[in-house]
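Swiss-Prot annotations:
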ACT_SITE  C118  active site, proton donor
BINDING   K22, N23  phosphoenolpyruvate binding site
BINDING   R94, D307, I329  UDP-N-acetyl-alpha-D-glucosamine binding site
MOD_RES   C118  2-(S-cysteinyl)pyruvic acid O-phosphothioketal
Amino acid sequence: MDRFIIHGGHRLRGDIVIGGAKNAALKLLVAGLLTSERLVLRNVPRIADITTMRRLLEQHGVTVEDLEGDGGTLAVGGTITNTEAPYDIVSQMRASILVLGPLLARCGEARVSLPGGCAIGTRPVDMHLKGLEALGAEISLENGYINARAPRGLVGERIILPFASVGATENLLMASCLARGRTEIINAAREPEIADLVACLNGMGARITGTGTGSLAIEGVEALHGTTHRVMPDRIECGTYACAAGITGGELRLIGGRADHLGAVVRALEEAGVEVFQEDDALRVRRTGALRGVDIMTEPYPGFPTDMQAQFMALLSVAEGASMVTETIFENRFMHVPELNRMGARINVHGSSAIIRGVHSLSGAPVMATDLRASFSLILAGLAAHGETILSRVYHLDRGYEAVEQKLARCGAQIERVRE
């Protein structure tokens with residue numbers, strides 16, 4: 001397995017191009033299952049999860065063509081010949097569950113393995129299944145698989161989600177596009193990635209209104225057609241590199257970054273002593289003074305994103321004073337804490353909250369990544385630490401971040417990937 005070797009203590013300065021959003025691109029690829037025509041996606045991130053999703057779509061019989069030879073522009077199209085999503089692929093990535101709704105809507109049946117992905121709590125799929133049942137699907141669980149049928153097709157219904165689940169919103173949204181009649185999704189998630197999915201689906205001929213309001217209305221259509229769509233910039237990647245500027249006391253220009261996608265993160269950064277400026281095509285982030293402790297609580301959008309919690313905790317570990325981080329979205333999302341403490345951080349976990357008492361400096365140490373976002377929190381700590389940090393199991397990082405070592409090295413970081 002690959003490792004990163006990081007020698008910390010260097011201020012980062014320079015430009016970093018923010019790639020396409022992982023959490024948008026995966027769902028946009030799945031949307032290709034809703035039409036027999038070609039869906040062309042531009043600004044696709046070159047990450048491991050995209051490779052896994054391509055394998056899954058090809059398993060269903062559709063073609064995923066690399067139009068420019070570098071993975072950045074993909075075309076999805078063709079006939080669905082297989083409605084089973086097998087365990088060996090689905091277990092690698094939780095987003096695989098999102099093929100369930102489109103397969104059911106388009107083919108009237110689907111057999112999808114229960115999902116895998118990051119080891120963050122149980123992350124149940126109950127809301128996906130209950131919502132599809134409300135649309136008329138017949139669903140059973142057998143031997144680790146979801147068996148779903150809609151022999152008479154899906155029919156629009158009013159669905160109230162008990163929690164603003166991103167995945168359930170996306171699955172039901174895509175399924176409803178081809179359902180008969182009108183579907184309403186109440187308490188729908190409002191993330192920018194969902195707005196990006198809606199824009200693409202409407203470009204394919206769907207009739208969806210209510211983006212960003214928490215209540216989506218979908219008028220079903222008989223068929224969708226192809227289109228060309230550009231994937232939005234990755235707000236989590238942008239927020240992560242903003243933390244890199246903050247923790248190293250440097251200045252980065254994050255090309256493609258948008259403050260309007262990162263409101264809660266920008267406010268927390270500014271409260272912590274990091275300056276953030278929106279320029280025409282970029283976000284400029286810099287720190288010149290001391291970091292200050294702040295309290296944050298993860299919440300559904302537009303609240304502070306759970307996918308930024310680990311990175312922000314690394315930043316707070318070297319801030320003056322005490323901070324508290326409360327995780328309300330996922331259980332078991334503090335697995336990075338013991339590794340940060342190995343580097344000299346002072347963090348104590350109490351239930352769903354972590355108390356961080358800032359230290360003057362961190363020390364390099366051998367550490368191990370446990371999930372996608374936690375892996376980057378350890379890189380951030382390594383960039384700020386004295387001495388050498390060796391980060392193992394970086395395959396977690398490769399699932400969601402593109403060209404990490406190259407982007408950081410161009411801005412002055414001493415980071416090297418060692419392949420084994």
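Cβ coordinates are placed from backbone N, Cα and C, and glycine is handled just like the others.
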D307 (UDP-N-acetyl-alpha-D-glucosamine binding site) and K22 (phosphoenolpyruvate binding site), Cα-Cα, nearest whole angstrom: 12
Which residues in the same chain, at least 6 apart in sequence, have a Cβ under 8 Å from the Cβ of N23 (phosphoenolpyruvate binding site)? V166, E191, E193, D234, I236, D307
Across all chains shown, how many C-beta atoms besides its own are within 10 angstroms of the C-beta of I329 (UDP-N-acetyl-alpha-D-glucosamine binding site)? 23
Taking every protein chain in this structure into account, which of the binding-site residues K22, R94 has the most other Cβ atoms within 10 Å of its Cβ? K22
If you count Cβ atoms within 10 Å of the Cβ of D307 (UDP-N-acetyl-alpha-D-glucosamine binding site), leaving out that atom itself, what do you get? 21
